[in-house]
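Structure first, then comments.
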Amino acid sequence: MEYADFLDESYEPSDDDLVCTFRLVPGEGISVADAAARVASESSNGTWAALSPESDVRQYSALACDIGPEDEHGTQVTVAYPSGLFEDGSLPQILSCIAGNIMGMKAVETIRLLDCEWPAVIARSFPGPQYGSDVRTELLDAGDRPPLATVPKPKVGLSTEEHVSVAESAWRGGVDLLKDDENLTDQTFNPFEQRVADSFAARDRLEEETGERKDYLVNITAETDEMVRRAEFVDDHGGSFVMVDIITCGWSGLQTVRRRTEDLDLAIHAHRAMHAAFDRLPQHGVSMRCLAQFARLAGVDHIHTGTAGLGKLENEDTAGINEWLRSDLHGHSDVLPVASGGLHPGIVDQLLDALGTNVMVQAGGGIHGHPDGTEAGARALRAAVDAYADGESLDSRAESVPALRTALDEWGTQNPR
Ligand code: 3PG
């Protein structure tokens, strides 16, 4: 088994193959074809030295089966992996193949995993989402409009009492979901158990007051056993959702949480903090599209996928990723994409024009930074989304909703940085 054995441009992937598209720039002195063969080799069962195994292990070898096209970031290379190479239902094992050693090997200057086509035999070995976009009606009263979420700001530092007070104002103003921020877990200034207990007590009061279902995306991110314990605590206090920082806590931790939340009927909100360490450089790493695919297989119900170029964060093809999350994946539920990062009422219409209404809209600063405070900020965002759903312009709706008028005057259509 030599590198050349891992390249066959005449090979047609079978229905059971996992087909991965990479884009690479070969290392100095190496041709694209040689680099492609090395990618297939190192990510399956080859190495730098020629091997003469006693038994035939070629059935577990990947094949680079297509090369090109080329763009400014490198040349596309398609690699087909036989499904027998993979353990059922294990994201860590799959990623140790398709995004493992190859990311750092000298044979490539840069390499990016762009896209995967998942065969049924692999996709069905994962649970997929429990609810997907059905949370809009199964767990919330959002109907056809985007569910609205908000993170109290400042994102860390508020006491539990302050956090709950902000939550009450936001729910009263019209948001559906309170959300912890990615770096709020169990700090001394706002301990997890107290926050959860007090927030759900307030949630019950606000449901009574508003007549709408309200809930809380509780960040349970921690080491794995602790995440499971925190999920159980959320369930004990009447929550329907947990939030997990899926990249920083890792795929195996997420898979364990998914197994436990099945028993507890909890939906999983996936925050993608740290994704940009993998996907920000267009020539290297793992695309957000692929990260979203792994998350759907693992079984998250929502995932942050960006804001289509609006807002404060760099985004990669939000609309295309969202479309994939809604497409058929061998019978798995869809995933509700979450648009978040620098959103405010004045750009809601542009956002929903770009992404459609089957998304969750999340705003922190765009609610709590409202000149008249959180409740007015929530009212303004809700009015903007309701206006869009009713086909009415923001300016027209603002005539009857002063809080929206104030938000539009304050922020206009700016994209914050
Ligand atoms: C998030 O969790 O996505 C951010 O906290 C969003 O905050 P922002 O709306 O203030 O940008």
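Cβ atoms are placed via backbone N, Cα and C, with glycine included.
Together with K155, H304, S340, G341, G342, Q362, A363, G364, G365, the substrate site in TrEMBL holds one more listed residue from R124, R272, R280, R397, which is R272.
All chains included, 14 other C-beta atoms sit within 10 angstroms of the C-beta of K155 (substrate binding site). Ranking the recorded positions K153, K179, D181, K312 by Cα distance from G341 (substrate binding site) puts K312 first.
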